[in-house]
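S.K.: Attaching a single structure in structure tokens format; questions to follow.
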Amino acid sequence: MEKLWFPPLQEEDPLITEKIKYSIAFLFSLMLVGLALHFNTLEEIWQGSLKILISPANLVTDYFKLANVGAAFINAALMIIKSLFIIRSTKVSLSGPLFAAIFTIAGFSLFGKNLFNSIPIIVGVLLYAKLTRTPFKNYLLSALYGTALGPLVSEVAFNSGFSFFTGIFLGCTAGVIVGLILPPLSRHFASFHKGFSLYNIGFTAGIIGMAFIAFFRAYGIEVDTVYLVSNGYNQPLSIYLYSLFILLFSGGIYLNGGSFSGYSNFLNEDGRGGPDFMERHGLGLTLLNMALLGVLTTTFVLIVRGELNGPVIGGIFTVVGFGAFGKHVKNVFPILLGVLLVGWLTSTELSSTSFLLTALFGTTLAPVSGHYGVIAGILAGSLHMVIVTNISYLHAGMNLYNNGFSGGFTAAIIVPLLEVVFFHKNNRKNKELIKPIINTEPVEDLEKTKNSPE
């Protein structure tokens, strides 16, 4: 492709690239602060921020509605800065997975995460690192993504009938326990879906949340479901989002030497296991990819006449973030199409926030379409749409990554079936045995193989 009018960039210096990454993340937080001040006064933001900190936050609690838009964006900005501080303190490079974590945390800070309910979980992961005598940086992703269980901390602290200080103590204790058990469990459960669901911590958090809720219910403690969402902000927020994506796109093109060179190779990535796109393809192409995903998802929301509220923008930010960690327009679009198809066939209200969250976060299954093709992606999105509606009861909204939980089950169901189909198809075509990802041999054949002499 012909180069654009941008002047070519010299070969990337790792130190300069690292500074650019931190600058982008910090500027993102500053943009959120500016947006907050556009919507609300400092007094309103202060009052709203206090309400966010001391309120239960289980799915779906839109901070735009609970408090106000300004307080929600300030909360997101503070969470970004906190995350950058933690990453910087471990002296690790700001990689694709960590970049995705920053955008994901920013998104979920609009509907469930805050400074109070996230810090105990991070402390728990830090304590686990100390107890196992391993560097905290090894569990950095678990610490950051593990804040998905923040609502559990808030629920115990503020909605379980305890006095204020007792509730805070017990809530923080619950958060530390979550942080302690999260790293070993997340490592174990990664094999459950074979890397075909990008939100692995979401699946782990769902299991942990399910266990806690089962314990609560055993003692007669019921957690009420919440569906608190706002509307009426499409015009100003769509302008903000498209402006953000134009900036990311422009920066990506510039850093890539003024061209789209290499993006076709980028689109050939299947996304399985969450590859670090920044490491493989460079910062420029990664920013370009993130921008295109942002435009795709925002346009999708507006086409179905959805509302750009806290949860939906959180979904958009998450997809954009994972543009550095496994997703691109080619493997995301079939998932969106599959969810849309089932939504239309079942007469689901396509403009509803619950449907849009399923579509946006359902792209956790992007590796399925990336690895097996468009039809497989549509099937995965369709199955996910059916499963996700029945899964949130298990953790009562304590796991913010509900679609990550559902996506793990969806991948575990569909991938072995797809593997059988593709394995036998390739075997017939090539007339040679190609070892599949999932073992497809009948049990009796395996027993014969095991007992046969070498």
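The backbone N, Cα and C atoms fix where each Cβ goes, glycine too.
Automated prediction, rather than curation, is the source of TrEMBL annotations.
Below, the features straight out of TrEMBL:
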TRANSMEM  20-42  transmembrane segment
TRANSMEM  63-87  transmembrane segment
TRANSMEM  99-127  transmembrane segment
TRANSMEM  139-158  transmembrane segment
TRANSMEM  164-185  transmembrane segment
TRANSMEM  197-219  transmembrane segment
TRANSMEM  239-263  transmembrane segment
TRANSMEM  283-304  transmembrane segment
TRANSMEM  335-360  transmembrane segment
TRANSMEM  372-393  transmembrane segment
TRANSMEM  405-423  transmembrane segment
S.K.: Are the transmembrane segment (20-42) and the transmembrane segment (239-263) close enough to be called in contact, which here means at least 3 C-beta pairs under 8 A that are separated by 6 or more residues?
M.R.: yes
S.K.: Using a Cβ-Cβ cut-off of under 8 Å, list the residues of the same chain that are 6+ residues beyond the ends of the transmembrane segment (99-127) and lie near it.
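M.R.: Non-local partners: 21, 25, 28-29, 32, 52-54, 57-64, 72-73, 75-80, 82-84, 86, 136, 139, 141-154, 157, 171-180, 182-183, 278, 286, 290, 310-311, 313-318, 320-326, 400.
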S.K.: Using Cβ atoms and a strict cutoff of less than 8 Å, what residues sit near the transmembrane segment (372-393) while being 6 or more residues removed from its termini?
M.R.: 59, 206, 225, 331, 333-343, 358-359, 362, 365-366, 402-403, 405-407, 409-411, 413-414, 418, 422
S.K.: Could you pull out which residues elsewhere in the chain have a CB under 8 Å from any CB of the transmembrane segment (139-158), counting only those six or more residues past its ends?
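M.R.: Same-chain contacts beyond the flanks: 54-59, 61, 83, 86-87, 90, 92, 97-98, 101, 104-105, 108, 112-114, 116-118, 120-122, 125-126, 128-129, 167-168, 170-172, 174-175, 178-179, 182-183, 186, 199, 201-202, 205, 208-209, 212, 223, 397-401, 404.
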S.K.: State the residues, same chain only, that lie 6 or more residues beyond the ends of the transmembrane segment (197-219) and have a CB under 8 A from a CB inside it; answer 'none' if no residue qualifies.
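M.R.: Long-range Cβ neighbours of the transmembrane segment (197-219): 141-142, 145-146, 148-149, 152, 174, 178, 181-182, 185-186, 189-190, 271, 274, 322, 325-327, 361, 364-367, 391, 394-396, 398-411.
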